[in-house]
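For reference, the structure discussed in these notes is given below.
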Amino acid sequence: MRKKLVAGNWKMHGSIQANAALLDGLLAGLSDVSSEVLVCVPYPYLAQVSAKVQHSRLVLGAQNVSEHEAGAYTGEVAAAMLAEFGCAYVIVGHSERRELFGETDRIVAMKCAAVLAAGMSPVLCVGESLAERDAGQTKAVVSRQLSVVLDYLGVAGFAKMVVAYEPVWAIGTGLTAMPSQAQEVHAAIRAQVAALDPGVAEYLRILYGGSVKPQGAAELFAQADIDGGLVGGAALVAEDFLAICRAANS
Ligand SMILES: O=C(CO)COP(=O)(O)O
């Protein structure tokens, strides 16, 4: 049985004051949530959020990481630094990083390796653009994104990974994938991993991301291969995020 995971990706939002209020709201409402709950925050707030979520059920994560261990990489942040601040997860290969910051499949694979080497779990994001979906390439694109990481790490690396399927056309657009559309891709992801190692595939958590809102979340999470969500905009409003977390209660 896979434990559901609901992850908030705060993206480049927040302030010391706003974070404190959001976290107070979340911490006050977790008692009727049974899934694992993760917040992935901007780097400068790791210390603030780490102190605040200590001894709570909220888990801390980051949104990006360097593929390098250490060295002359001005402005970059190493995986070991994130681990030191109590991060358990790091989002890797978000479509915004791939599109806006030129991250290739290979860099994404290297980042996953760096996260694993530092003892944390990557949340590997995959997903097709609207043009790719319209061209009938959804499964081919997702399969390629996944296979580069599988080749680089070996399937054993996936024992500690989380995969997030985020169709690019659904991110920040209000267009959620239909549960059946998402389930089809999630099943294909699991099948690709299962072909290499059925045991790893059975335990692999595959999250859905893209305009997840309280309304409709339960139906998404009820799909056989959807093990939780990666939530952007709705993760910035405590009541909305908590409602999504409750929708993942099993
Ligand atoms: O990109 C996302 C999470 O990583 C999804 O963002 P939205 O929930 O705002 O569409």
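Even glycines carry a Cβ here, placed using N, Cα and C.
No curator has checked TrEMBL annotations; they are predicted automatically.
Between the candidates Gly25, Gly29, Gly172, TrEMBL assigns the substrate site shared with Asn9, Trp10, Lys11, Ser211, Gly232, Gly233 to Gly172. Checking the binding-site residues Asn9, Trp10, Lys11, Ser211, Gly233 for a CB within less than 6 Å of any atom of ligand 1 leaves Asn9, Ser211, Gly233, listed in sequence order. Straight-line distance linking the Cα atoms of Asn9 (substrate binding site) and His94 (active site, electrophile), rounded to a whole number, equals 10 Å. The DSSP secondary structure for Gly233 (substrate binding site) is helix.
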